[in-house]
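The structure appears right after this line, and notes come after that.
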Amino acid sequence: MVELLLLSRLQFAITVAFHFLFVPLTLGLAFLVAVMETVYYKNKDETWRRMADFWGRIFKINFAIGLVTGLAMTFQFGTNWGAYAEFMGDVFGPPLAVEALLAFFLEGTFFGAWIFLDRSRQKLKAFSMWMVALGTNISSLWIITANGFMQNPVGYEMAADGSKVIMTDFLALVTNGYVWYMLVHTLLSAYLLTAFLIMGICAYHFLKRNNSEVFRKSFGIAVVIALVTAVMLPVLGHGYAQYVAELQPAKGAAMDAIWETGTSVPMYLIQAPDSSTGSNSVQLLGIPGLASFLYTGSFSGTITGLNQLAQDELPPVGMVFWSFRLMTILGSLFIIEALLGLYLQKSGKLYTSDKYLKLLMWSIPLPYIAITAGWIVTEVGRQPWIVYGLLKTVNGISSVPVSDVLLSVVLISAFYLVLIVFEIYLIKKTVVNATGVE
Amino acid sequence: MFDFLTHDMLAVVWFFLWCVIWGVYFIADSFSLGAGLLTPFIAADKVQRIQIQSSVGPFWGGNEVWLILAAGGTFAAFPLVFSKMFTFLYLPMMLLLIGLIARGISVEYLHKDDNPRIQQFLMWGWFAGSLLVSLVLGVAFANFFKGLEIASGGVYKGTLPGLFGPYALISGVLFVLMSVTSGALWINVKTEGAVAAKAGDLAKKSALLVLIFALVYLAYSFAGVEGFATNYSSMPVLYLLPVLAVGGAVLSVFFAKKGRAFPAFCSNLLAFLFIVEGGLASIYPYMLKSSISPEYGIDIFEAASSHMTLSVMLGGALVFVPIVIIYQLWAYTLFREKITETEQVEY
């Protein structure tokens with residue numbers, strides 16, 4: 001049972017993490033390429049056509065893997081999480097089916113149309129990309145609606161025998177407060193990731209002293225998006241933290257490793273939690289009352305500590321804590337980088353600031369890491385629950401032979417490894433070969 | 001919403017919709033799978049490969065969503081079936097998944113790199129993926145029609161080799177052949193030049209093979225599969241389904257021989273559609289039929305979601321399925337021209 005649980009969770013983690021490597025960039029690029037296609041249609045300025053071509057090429061490479069790995073997501077709810085599927089089907093199924101109906105068809109159909117329409121039908125081409133962008137963004141709404149129920153169950157009742165949840169209010173499902181917090185947070189981080197990828201690629205060309213207008217213009221757009229999203233993320237995240245602390249006290253307390261219940265809880269700049277002792281092995285530089293303020297909105301607010309919560313319902317504290325730290329530290333770095341970028345561009349020093357350009361290039365993976373860390377906080381922080389307060393993860397798995405799951409984990413991992421190597425190779429080649437003037 | 005329908009009636013409506021969605025998937029994806037199965041054998045060079053790739057490129061992605069809708073719809077309308085189906089058939093489902101990923105990536109990346117070796121590799125990836133998808137689905141559906149080894153209490157006794165009996169293999173080959181024929185005729189309709197001619201010649205033979213295998217498969221179904229004929233006996237109008245299937249296969253042979261590729265293509269789709277529907281009609285009211293004893297099977301009434309979920313989803317389906325069909329058909333009209341011999345890669 002333990003092995004099966006572990007392998008099933010590994011299967012899920014690999015499948016969703018790999019899929020989610022491609023989703024954020026798809027969300028952001030679809031929108032930007034749609035804008036570029038539209039501007040080109042309006043003003044027939046070749047620079048915008050070249051921008052749409054170049055970023056569109058990267059979009060194509062990325063979208064393909066996002067599309068096919070999404071299949072694995074749908075499949076595994078049945079293959080590996082059959083008990084969960086039976087328990088949740090009444091509530092989880094509809095958003096998933098609606099997602100296919102409203103979003104996937106738009107994406108799949110118009111992606112093909114956008115690729116194959118030539119520039120003589122520019123209006124339709126631009127329209128198609130808008131439909132793809134609409135599809136990807138609608139898709140995120142529905143999958144987060146489904147996930148939102150797992151974080152904060154609403155609009156349901158338990159079946160008389162306790163075997164499953166039954167939907168009683170579809171509207172409640174869609175207006176779940178959790179969903180809207182998470183949707184905006186997710187979309188903002190996707191746009192941020194896209195902006196940093198664009199800035200990183202532009203930086204590569206500026207370093208090669210290729211200041212083509214395509215890259216200069218792209219950078220100008222990206223740096224503004226980067227700054228706006230980087231600033232909005234922590235502002236929104238602050239409200240979100242309060243909300244989570246109310247909804248899931250254990251996740252909230254684990255995010256800042258608060259072990260004992262107290263008022264005016266300080267926030268420590270340097271801290272290291274130790275689950276085995278139920279306390280922090282290191283805590284230095286406390287700012288009085290700050291944790292209370294962040295989680296309750298008042299410097300003297302009360303936070304329930306981990307030691308006062310049900311001990312068999314705590315998530316792995318270290319993992320949640322460190323992921324949260326990593327996410328917030330990277331978030332701060334993004335604000336600094338974006339501000340610096342805007343300043344350098346305005347003062348005309350950007351194209352020769354080699355140190356900054358190199359920093360940007362090396363920053364391309366950072367939003368990916370931040371997003372993964374945020375995902376760990378959200379999903380691992382909910383453990384041991386798969387559906388918060390209703391179903392434990394251990395009770396959600398399919399009873400299939402361990403050997404089958406092991407085989408599939410190995411098979412999928414090997415397959416994914418090949419895919420990612422290939423994807424990086426193709427994107428790198430596209431970037432290196434581009435001059436911005438063809 | 002839909003309060004005038006009882007829960008059982010909603011379950012029946014959803015079973016009907018479920019059958020429709022599967023049917024649409026099979027015919028919609030058949031030509032892109034067929035193109036993948038044929039490319040290594042009929043494309044003489046890169047130019048012809050690009051022709052084939054471009055003939056299915058704009059459509060395969062949107063068409064494949066019907067499969068996701070079939071899975072998602074099962075999840076939403078019949079969660080118990082969704083869970084059991086995927087759990088019982090764990091390894092076949094993984095093979096199907098890998099086939100789908102391999103096909104998708106290969107079509108999209110086929111000419112993204114100039115290296116001929118990578119192109120060869122991806123061409124065979126496209127072939128292997130398409131073969132896996134059509135074969136596994138053919139085998140899986142035969143097993144659904146025949147019944148899975150479900151014992152009392154929903155315990156699954158089947159094994160992987162046990163799924164590949166003679167009936168399942170005939171069905172698997174039939175699904176592959178129907179896809180090949182669909183792909184060949186599509187290429188013949190959509191392209192110009194040597195590759196179109198080759199595809200047209202091939203379709204003449206494969207359409208005949210489809211007819212032969214369809215007859216063998218149907219004879220086996222009615223004579224050799226326990227319970228297959230039960231619904232047919234109590235509702236003889238259902239015999240129209242296999243009749244239409246055979247009729248489609250006959251017409252497809254006829255039109256293919258005459259070189260009229262488009263009517264042949266449509267006839268072949270008809271055959272494919274009604275082979276699938278004929279099988280699905282035989283298992284009602286079960287979605288997972290038990291080959292051990294009917295009472296162990298999982299029927300639609302037991303598996304159906306709540307009244308609320310079924311009716312919300314029905315509302316969604318009635319509004320959005322027609323919209324999807326309209327814009328997908330519109331997408332076909334966007335790319336009406338035949339694809340000439342070209343070195344220009346859209347992908």
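Glycine is treated like the rest: Cβ placed from N, Cα and C.
Taking Cβ pairs closer than 8 Å, the transmembrane segment (A:12-40) reaches residues 48-49, 51-52, 55-56, 58-59, 62-63, 65-66, 69-70, 72-73, 76, 80-81, 122, 125-126, 129-130, 132-133, 136-137, 140, 187, 189-191, 193-195, 197-198, 221, 367-368, 371-372, 375, 409, 412-413, 416, 420 in its own chain, all 6 or more past its ends. Here TrEMBL flags A:12-40 (among others) as transmembrane segment.
The transmembrane segment feature in TrEMBL is assigned to A:61-84 (among others). If one looks beyond the transmembrane segment (A:61-84) by at least 6 residues along the same chain, the residues whose Cβ comes under 8 Å of a Cβ in the stretch are 8, 11-12, 15-16, 18-19, 22-23, 25-26, 29-30, 92, 96, 104, 107-108, 111, 132, 386-387, 391, 395-400, 405, 408, 412, 416, 419-420, 423, 426-427, 430.
For the transmembrane segment (A:96-117), the residues of the chain that approach it from at least six positions outside its boundaries are 60, 63, 67, 70, 74, 77, 124-125, 128-129, 131-132, 134-136, 138-139, 142-143, 146, judged by C-beta separation under 8 angstroms. What TrEMBL records for A:96-117 (among others) is transmembrane segment.
The transmembrane segment annotation in TrEMBL covers A:129-150 (among others).
Annotated transmembrane segment per TrEMBL: A:178-207 (among others), in sequence order.
Among the features that TrEMBL reports, transmembrane segment is placed at A:219-241 (among others).
The transmembrane segment feature in TrEMBL is assigned to A:322-344 (among others).
Look at TrEMBL and you will find A:356-377 (among others) tagged as transmembrane segment.
Residues or ranges marked as transmembrane segment by TrEMBL: A:405-426 (among others).
Here the transmembrane segment (A:322-344) does not lie next to the transmembrane segment (A:405-426) in space: the count of CB pairs under 8 Å, restricted to residues six or more apart, is fewer than 3.
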